[in-house]
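The structure under discussion appears below in the form of structure tokens.
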């Protein structure tokens, strides 16, 4: 039972919860939602917008997390405190939202009015935010010095989870998307409720080197899982696989999904061994020091002037610059908050606009349906690689070279500009290259934003601030996707068929979004110069 109360078990529980979050699966059940409810495309797009709003408006999740995890609240609430409360609240919302959608689709209840359907899908994805917020903040708390790595792992599995659920659906109910809605209502809820009490905050009791080694091992397993999924998706698009082959491939996929448990068991054994050795060393030191305590009392070395000056400088910098544990109102008054918000508005807004229109872009450039489906299916893999890669690389550069993470936002946005220009140029297979760049950038931006928030504003109110800045994504997506990309597409499209062919369909709109992305890179560069000393001094003070 001792092993069940460790940060490593909390980590694997968070990984499995993230894997069952059903991300990026709207395209699977949206056709049956449209046909069964009699929606036109505009109505379905409206419901999709409410999905995005529910999935990003997580301020309440952050408030609840801060309330149930602070010391005073734990004393007052007793057993009804801790991160599990937030996961429970999210599971209830998720189940109610998807169950009511399924009941309406299969005719168990009368057809829901559009506003009510928007409410239920928003409620479902709002519950997803509760679980996501809990796992991310708890992960950073348990691995403060390797926040990039742990967030890359958790966000990476969040992206892979949808692809894994789709694989299960294709084996069990392929061709019946209504059952996929029921699967979303039942399976994630059951997993979240069964694992929620294992997700806890722990003090760091292991060495940083051991933490990094084990986190790298989990990252390696995640990369293998992503590569395996990519191979399966490509094979399914090129060949018709028999049922037995699908079952065997899914069984191996499940082995990869549970393999992080093996790593955390080894990590726990290593931590227990290190802790026992530390106790023996302390006991020996105490016995040897006890014999010389009188002699040592005769001489007390005063710190040198240089040492006093260095310590005073560090302490003064932390006093003047350290913004740890800001609440949301204090963050609002911080220039760093708004610089990060604007950078995310420009970055996440434009990258979402491109990803939401990949199908239309492919059609306009003459790609086949199979090619377009492959591009869309693989985007989640590139997204995963962006989350994992940004976490590992930014952690390594911080520890080795002192490069703070805002500079990686600058690099990511610069690559995103290239990804949009590649589409405009339109050379053979340019959409495949663009999807790689855009997918990696999308994953990187979400990861980097989360870690920077923890470094600038602290952990206590991280959930609230993270979900507030996340609002930049749906706001930017609406403006750039609907008001820019959609508007200019309709301007040049055929007035009767509403179809456009050629590079002219997206040339102007993507040129505008690329320019906006470049402006976001300049804002991120300003954030880098403004915060690089603050972040690095606070990091060094924890070492």
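In case you wondered, yes, glycine gets a Cβ from its N, Cα and C as well.
Heads up, TrEMBL stuff is auto-annotated, nobody curated it.
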Stretch carrying transmembrane segment according to TrEMBL (options 214-235, 280-301):
214-235
With contact taken as 3 or more Cβ pairs under 8 angstroms (pairs 6 or more apart in sequence), are the transmembrane segment (431-452) and the transmembrane segment (146-168) in contact?
yes
Contacting positions for the transmembrane segment (336-355) when only residues 6+ beyond its ends and CB under 8 Å are counted:
323, 361, 379, 409, 412-413, 416, 419-420, 423, 434, 438-439, 441-442, 445-446, 449, 452-453, 456-457, 465, 469-470, 472-473, 475-477, 479-481, 484-485, 510, 513-514, 516-517, 519-521, 523-524, 526-527, 530-531
